[in-house]
Each structure stands twice: as C-alpha cells, then as structure tokens.
Amino acid sequence: MFHLRTCAAKLRPLTASQTVKTFSQNRPAAARTFQQIRCYSAPVAAEPFLSGTSSNYVEEMYCAWLENPKSVHKSWDIFFRNTNAGAPPGTAYQSPLPLSRGSLAAVAHAQSLVEAQPNVDKLVEDHLAVQSLIRAYQIRGHHVAQLDPLGILDADLDSSVPADIISSTDKLGFYGLDESDLDKVFHLPTTTFIGGQESALPLREIIRRLEMAYCQHIGVEFMFINDLEQCQWIRQKFETPGIMQFTNEEKRTLLARLVRSTRFEEFLQRKWSSEKRFGLEGCEVLIPALKTIIDKSSENGVDYVIMGMPHRGRLNVLANVIRKELEQIFCQFDSKLEAADEGSGDVKYHLGMYHRRINRVTDRNITLSLVANPSHLEAADPVVMGKTKAEQFYCGDTEGKKVMSILLHGDAAFAGQGIVYETFHLSDLPSYTTHGTVHVVVNNQIGFTTDPRMARSSPYPTDVARVVNAPIFHVNSDDPEAVMYVCKVAAEWRSTFHKDVVVDLVCYRRNGHNEMDEPMFTQPLMYKQIRKQKPVLQKYAELLVSQGVVNQPEYEEEISKYDKICEEAFARSKDEKILHIKHWLDSPWPGFFTLDGQPRSMSCPSTGLTEDILTHIGNVASSVPVENFTIHGGLSRILKTRGEMVKNRTVDWALAEYMAFGSLLKEGIHIRLSGQDVERGTFSHRHHVLHDQNVDKRTCIPMNHLWPNQAPYTVCNSSLSEYGVLGFELGFAMASPNALVLWEAQFGDFHNTAQCIIDQFICPGQAKWVRQNGIVLLLPHGMEGMGPEHSSARPERFLQMCNDDPDVLPDLKEANFDINQLHDCNWVVVNCSTPGNFFHVLRRQILLPFRKPLIIFTPKSLLRHPEARSSFDEMLPGTHFQRVIPEDGPAAQNPENVKRLLFCTGKVYYDLTRERKARDMVGQVAITRIEQLSPFPFDLLLKEVQKYPNAELAWCQEEHKNQGYYDYVKPRLRTTISRAKPVWYAGRDPAAAPATGNKKTHLTELQRLLDTAFDLDVFKNFS
C-alpha cells in the first residue's frame, strides 16, 4: 500500500511551484478567500479494501491499470485516476455501480467527479498563484522600477532582478502558470486596487497594471508596514487605474516652477561662475516637489512649515520656495560688502530664513522657516524637530495639523550619519513627536566623490526609515509628473496618519561637489553619461508642447520673464552698501527686542521671591496633590524631609530647583526639562513625577498643581541619546524666549556624544546666525572616585570656547558692567556651590533682557551634603545670583593676617573648608568661590585680591591640571591684578584620563591637593 501511495505521489503532476504550495498552506486569509470553491470537496469515505491483507491484489490492479486503464473495472479506473489527481484520502473511491437502467448515468456522474476534482484544485492553485504574483509586485516591484534617470545603475545597488517579478512571460512558470493562462480571467483579492471598478481581470491585464503601478518611474516601498489600513491606503493611491492624472493647468504650473528652478541656477552660473553655490543642477525638480508638498499641506490646514536642509540647492530653495528677495541672495556673492552685524556670519549656503506669505495655490497664509545649519550634515535634523514641537506646543496644535516639518537630506549623509537614526527614533515618542515629518532625499547617487557602493551597506540610502514604518517612495526625478504625484501622496499620508514619510528623488549631479570641482577624476563613465543627458526642463517642455498643453512661444516667454526678474534683482543688489545678517534670521522673537534687535533694557531685576511663595512651593513639593494616590514608602520619607526643611526655612539642591521652576511657572514661563532619567533624577533626588504604587502607569506631576493659571511644566525622560535629544531641545528653545528649556546629561561626561550640537550650534550660534538661545545644560560633575566616565563634564572645553579676551581688563567702572558682560559673551558658564545660588541663576536666565546659553556644572555628592543648604534669607526679595561668594569667616575679619587666598569653584570648597578647620587655619587662609566662571568676574575678584594685601594667591581645583578651570582662570586672574603676583596651583597633576577608577588612589590624590592648598611654604621654592 505504501508503494502504491508512493507511486501515486511520483506520478502526481506538479501544477504549481513549491512557493505557491507553501503560500496556500500558510496563508489562512487565502483559504478564506477560496472557501466557496473548496465546498466541492467530497466528504471523507471509508476505503476498507486498502488494508494490509489486500495490498498485493491492489498493487496488481494498479500495475494493470497503468498498462491499460480499460483492463480493470470502471470503479478501479475511477479510483486510480482520482488518486493520481491528488484526491485526499477517502475521496478517491466511488462505490461500484448497480446493474440497473440508470447505471450509464451514474457512470457519467462518476466520470464528471473524476474530472472536476483536479480542475477545482488547479483553479484554487492558479488563483493563489495570481495572488502571490500581485503580492510580489507590491513587496518587490520597486527593485525593478526605472528609477535612475541616467539609466546606468539600479537605485537599490542590486543588479539582479528579483526572480519572482514577472517582466516577461517566460517567468510565468515560477508560479505554476504558463502562456495559456494569460487570457484566463481571475478574481482579484481585496488587497489590490488594480481592478478599479472590476473584480476580475485577465492575467495579461493584471500583469500590465501591476507593471504600470510598481515598475515604472515610481518605486513604492511599504509592505513592511504592519498596519493593514495604512497599506491599503498606499495601494489605493498607486494601484487605482488612471489615478495619476494632471490637469493642463497643473502641468503649466509645474513647467513654470521648473523654469524658475533651472533658470535660477543658470543665472548664478553666468554671473558667478567661479563661486561655490552647491547648485541644484540634475535635481531641478526639487523646487516643484517642495512646493507641491507645501501646497497640499496648506490645503489640509497647515499654516507653518519648518524646514531643514544641507547646502545642495539651498539658495534655490531660499529663492523659489521660501521667496527670499533675490537681491538679498545676490548680495551674498559680493565680496566687497561688509557685514553690519557683530559676529562672524556664515557662508551663504548655510543661512536660514523666516518668511510669511500667501500661498498662491491655496490662497491661504503660510509661514516658512528654513533653519540655519552648519556643514555637519544632518546635524540640523533634531533642531528642526525641536522647533516644530515648540511651535506646535505654543499654538495648541496637539495633533500636528497646523505646524509641520520638512527635512531634506543627501543620499550619502542620510545613510551615513547616525543622527538620522536618533532623530527617527524621536518621531513617535510622546514628548518628542511632531506628528509626522516629510523627508525628501536628494539622491544624486554620489557622495562628493564616493560611490554609493562604498557609502552604505543597505540597498537604498533610505532604509533607515523602515525602523519607524515610514513608507518610502522612490521616484525618477526626470519624470516631473511622477515626482509631483509622489509628493502629493506624501503630504496626504502625513496629514492622514501623522507619521513620517520619505520621498527618494533619484537624480544626478550635473557638476562636481561644488562648481569648481572636477568629477571626471573619480566618476568618468557616470559623467560622460551626464554630459549627454538632456535637462529635465527641456524634456518636460518638449513633452507638453507635443501634448498641446503649451506652445513653444509660451514656453520661451516663461523663460524670458523669469530671466528678467533675475536681472532686475541683480541691478538692485548693486545698490546695497552693507550686508545684514539679521535679514537671514530663522527664528524671530516678535516683541522681545526693540525694532533694531537690541535688548529693551540692560538691567536685571532681583531674582528673589517672597517667603509666602517659597513656602507655598515648598509645601507642594513635599506633598501629593492628588487624592487616592499611593506613593512609595521611600519617597514618603523624602517628601517628609522636604517638608521639615520648609518649616526650618532651608532648601537643598532639589528643593531650590523646585522653587526656581515653580516661581517661573507662576509668571507664565513654560519650563521643559528633558534628558535621560530626569523625571526621577539620575541620583534619585528630583522626583518630579510620582508613580502610583497600586495603579500601573498612573502618575502625578505636583509641579503642575502649584497655581490656578500657571504655565505648564513638561518633564520627560528622553531616549538614550545625547546628540539627537540635545539638538531637539536646542530647537525647542529657539522658538520662544519665554520658556526655560533645560537638558540634563545623565552624567556630565556623556555630553561629548552631543559635541556637534555644542560646538556648531550652542557655542557660536549667535555669532554665525544672529540667533540668541537660552537653553540650559545641566552637567553633573565632580571627582568622587567613580572612574573616568562618571567624574568630569570637561569644564576646560566649555571654558576654552568662551569668547572673552584673557589679556584685556575690561572697563570695570562701566554702568551695568555685569549685565554688559553677559550680553557680550557667547555663553554663561557657572558652577554653583550653594542651592540658593543655583535657584538664582535659573531665575536670572529668564529675567535677563536677552538670552544666552547657560552651562551649569551641577553637583552629585552635594545633593545630600548636610552643609550644602541655603536659607530662605538667601532667596528673598532683593537677593541676586552671586557671581563670586567671598570669604565670610574669621579670615575676612582680619584680612591683613591672611597668608593665602584660595580661589576655587564648586564642590571642592567643602573639602577645603573641612581641611582648613581640621588644621585650625581659619584665620590664615581665606577661600573665595568663583560661581560664575564666564563671563569672568574681573570686578569682584579685584576687590577680593585688594582685600588681602599680604596673601599669596592660589587656584585650587579637584580636577587634573590640564583639565578643569586652571588654564582659563590663571591668565584672567593675572590680568585682574596687572600680573603683580603669581597665581599658584593646588590640584591634581596632569593626566590623560579625567579621573582614577581606584578609590584609594582617588583619596590619596585628594589629600595631596589639600596638603598643597594649606602648606604655606609649598610655593616658596618657586618664587
């Protein structure tokens, strides 16, 4: 019997490929689709003759049947034919026919059953094959789409066509189909829209429509999305027959936009042929693409678009999308014009812009902002996202329906820069989402001189977007209408689903990396083809002329009209006498400055508060303002301790921060604190978000229960990213001066992962782009034996980048000297030693009449240090931030007796005071704390030095000599005293690593620096 079944299996014809069989077994949806066909199957019947005792007889009958089917009884003939046709067990056997008048009819019926069974199976398998074919196009059709306008490369870097994509009929066999099936009609599954109004189509037409939808100039990558509704939406947009239609008016608008894009670059090339401008030649379609996205978004209710982009095509975008005055752009090419504004300025292809205008297509107001950026590719991505989030927050746009972002990328940078990945992973986090960004990749298939095969390991440069289920639309940029359609769909996707979407413009770069570069050195064959390539404007104009949409004179008139606009603007640019960087401001703050951009005053009010306000905030900070909310027992003890401090009129570090935040919220200042684990605090000191111990995910933020009409407080744990998150918070702070935006590093050591944001945006941002920013960086810092990665926020690096002159003593008699210093510096660097001073510097950040970045080296061990407490008296009305905290002990009472004046900053003060007391030197050694390191407090330190005429001067720090503050403080302190005395050093020796990881070594080093600080004879041999 086994032999019979084996023979039958061998003889069974293969009607479909193994792929289709697997598909039919593993796809329950397909089974449901063909359920009505499967109802023809006969119920299982007994086959009692197939027993072991009769196997020899059955095998003899089978062999006889193979030689001559007519040599066996008709019932055996039917049985063997059914078995070979693949009938399931129990259905092959038909009962012997009775000898009656109706026997002939019964024989005919049995014969029909024999023939029907294989037909039904073939029908099912063919339908499954067609469904598998349709799905193959949907999944992999983009691999064989005609995307490269040069016709040289496959845009996906894979030269092999997927074997299961049919581009010719010889591949039908892969699905168990053949040419005889091409004219058969197949029912279409519900997962395709190629039928339009029809539910069934011939296979030939199915293939043709799939080729049109997925294998022409658009490659749609979307089947990795795990949401059926979203996949169906995309299928409907690209599969529906005739859906990609444009009116003649739309075609003329597209042509006009291509004219502007192309002729702008040609005008710049004629006038400044030797200037770098990073032109758009080869991807001129970018301008109409962006305008289409903006038009469609405006139609859907968006009234503010924030953009970020690299250098390629930036001037064209400024001119033809944002509509910057052409003469202002042309002025940037004039090397004779001087800048009117202070600061370094930046090259023309880095500048930003802000403009409000009427969208002529929708007749609605729209605001466009292009964020200024450095040459560090993709660094502006999170900045744009942060600014977008802020603008959405300020206008109450909780769903992203009014404010959106568009990010432009180069193909090499999009694949190569890690910040792209970090930014994508912010896209759907509750406190960071902007409800969808439209990404446009200018994929010119080259990175400077690097071939794509050397620039990425993934098939496409856009594959990073798959991690957030963003659909990716690849499009041949030499087909302007395909580009326009894809951009419309991208805008609609963002409006409908509020998720990211990527448009991959596969294009080429007609010139070198810049206009002076020779690309033939490294890409000779590509550039031979490019030299032959007809510009897209010429191609499209010829197409429209052939279609009768425009005629040649109309086309030429459009060109001459725009050329005239450029010439007139060029003439006006000759009248400009000076360059104004502030004309390129990307984030104006209306009403904050005077009309000429100056602060409205040069003073700062007291940052103190009344005792009632301090007490009220303290009481809320030490309680749970929500009923039936169970907190952790350990947290109850922390809140109880806070309550006792309030009663005793003292604050620790966490409570001082709470009071600064709470008071600003009362004044209508929004506060946003972001970073890793900031809700609780890395050191479990903050606890701004309380968690119910009995109800999962139930939380309470007491800070939002302080006042009836307070501003909202946002505190959010960030993703484990520094670069992306700091960039995001910088962008958030750009949007408004009336918000305190803080980013806290988990440890200060980790800020260098975000070094690009610090070096390119925060430090020089105002100098380059006339753009102030009040972001606050909280960087936990302190040498406590925790090793080289948990000790140092690298203060030496921040101080090195301060813009004051160490060798020039400013005019100390100048009115408002301290405020003028703050106004002129590029950022403020502080290291507070008391909670009260920390409270004041946070409040001062908002009460100042201008904005500067604030770098705070925050403590770790001081968070719970019993001496690191401040009284309410230090925070009452009339009090201010103390730039310098002078000695106030016995040494200050008898300054003539002081032998040494120690200057220090931060936590080391408490080590010094403890050691001084232990050595009984409180009258001989004075200790002055410099709380604000930059701008340097020349005026206050001069008073301190003059107060102790007999004292030698020493700087004491816990950091190593080549790190920390010494190299910054020493020359400035020497300048303060006109170099009358040396400034000695007491601290750790130079080292490569910031700190030791050995506790004993740490304590030995600490004792050594304390010995140096209090040994009054140690420096005599160096005099």
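Just so it is clear, glycine is given a Cβ too, placed from its N, Cα and C backbone atoms.
Going by what Swiss-Prot states, the Mg(2+) site holds Asn444, Ile446, and the candidate of Asp411, Asp478, Asp479 recorded there is Asp411. For the pair Lys74 (N6-succinyllysine) and Asn444 (Mg(2+) binding site), the Cα-Cα distance reads 72 Å. Within the set of recorded positions Lys401, Lys534, Lys564, Lys970, the entry lying nearest in space to Ile446 (Mg(2+) binding site) is Lys534 (CA atoms). DSSP gives Asp411 (Mg(2+) binding site) a helix state. In terms of C-alpha distance, the listed recorded positions Asn444, Lys534, Lys970 place Asn444 closest to Lys401 (N6-acetyllysine). If you compare Cα positions, Lys534 (ubiquitin cross-link) sits closest to Asn444 out of the recorded positions Asp411, Asn444, Lys564, Lys970. The CA atom of Lys564 (N6-succinyllysine) is located 34 Å away from the CA atom of Asp411 (Mg(2+) binding site).
Residues near Asn444 (Mg(2+) binding site) in space but far in sequence (CB under 8 A, at least 6 apart, same chain), listed by position: Gly282, Cys283, Arg312, Gly410, Asp411, Cys507, Tyr508, Arg509.
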